[in-house]
Amino acid sequence: MKEKAESGGGVGYVRADQIDLKSLDEQLQRHLSKAWTMEKRKSLSDGEDNVNNTRHNQNNFGHRQLVFQRPLLGGGYSNNNNSSKNDIIRSTEVEKSRREWEIDPSKLIIKSVIARGTFGTVHRGIYDGQDVAVKLLDWGEEGHRSDAEIASLRAAFTQEVAVWHKLDHPNVTKFIGAAMGTSEMSIQTENGQMGMPSNVCCVVVEYCPGGALKSFLIKTRRRKLAFKVVIQLSLDLARGLSYLHSQKIVHRDVKTENMLLDKSRTLKIADFGVARLEASNPNDMTGETGTLGYMAPEVLNGSPYNRKCDVYSFGICLWEIYCCDMPYPDLSFSEVTSAVVRQNLRPEIPRCCPSSLANVMKRCWDANPEKRPEMEEVVAMLEAIDTSKGGGMIPPDQQQGCFCFRRHRGP
């Protein structure tokens, strides 16, 4: 799951060993209880009108017999007294689509916090007896955000769910289900059961105990990875991206923070918060979406882009997996942006890197998107690399005869 992560841009990594899990869980319980109470009071004040609406709706919608109106996907509320025939059909379709991915909250138990982000927290949990990760999105207490802001956040949430719930691949984190917050919904914690207010939603996915790939690379920064492991991780990522592209999905935020490792160290792509279906017209896909350092020149430049922006980001990740280091450590975000677009800045490839792997990096981060390979071809190139003779990055204390790093080219 993606969490705000990097330094220099107002975001940072969350170290789980420095989190007071008990305190955070208590804070979450107090916040949810407070928000639920506020929601209930507001609903009761409008109860008479809503009850009348519900009685009217019971004649037409047997599956929506709720005392309080339930928010539709995308943030709006149904107004059945004034709905046109098309609105009724669309509402029914939304309810049907919801059932495809909506979880049963009574089967979900939320446990300790493992990460925190701008709009919520990631918890360990149990769903129907299975270990899971639960992403709780909290859009703020009543009155703290405008209706338009909340609608936008809900739309982003439903976009992530719409993309994720249809995917099935060993290198993509398995989506289990999600829930939109409603007044009649409740969730369980280790300390009991409480209401889930309408400003809180959750996404439930498989739990990957190996954590983020970024953290794994940081831990192995000094000793580096065996070349065979480098290729295995890179192939996992390449196969996952190739699958996404075959489904017409552009991830748009490919980086090592968004890759998770399971107990067998299989890499799985996570966080589809900014993913979207690829537009048939490339001019429909514009805007700076992603993370600086991994973003392709055309994205940084505000030009139209397509799935090849993921290929560029993969090239940066490939370098990072091989080197177990950060690209552009001495440059600011603004310097990176300018140099990548105007000076063709790329990470310095170590001399000890086998030419077969270096060639993959260079092709993937070519400035011209049309010259970058498809991810299917990248998979084939990586599969063809011989790992039997080694070729991994040489640790710093063994680099006597191998000049592996030079200063980064920069502005």
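Any Cβ shown, glycine's included, is placed from N, Cα and C.
Computed from a predicted structure; not experimentally measured.
Sequence annotations record features per position, and here Swiss-Prot assigns active site, proton acceptor to Asp253 based on sequence analysis. The Cβ of Asp253 (active site, proton acceptor) has 21 neighbouring Cβ atoms from other residues within 10 Å, across all protein chains displayed. A coil conformation is recorded for Asp253 (active site, proton acceptor) in the three-state DSSP classification, outside any helix or strand.
The ATP binding site feature in Swiss-Prot is assigned to Ile114, Ala115, Arg116, Gly117, Thr118, Phe119, Gly120, Thr121, Val122, Lys135; the stated evidence is sequence analysis. Secondary structure at Ile114 (ATP binding site), taken from DSSP and collapsed to helix, strand or coil, is strand.
The feature domain 'Protein kinase' is assigned by Swiss-Prot to 108-385, with sequence analysis given as support.
What Swiss-Prot lists as phosphoserine is Ser43 (among others), and the listing cites experimental evidence.
Marked as phosphoserine by Swiss-Prot on the basis of experimental evidence: Ser45 (among others).
If you look up Swiss-Prot, you'll see Thr286 marked as phosphothreonine.
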* Structure fact -> Around the Cβ of Arg116 (ATP binding site), other Cβ atoms within 10 Å, all chains included, total 14
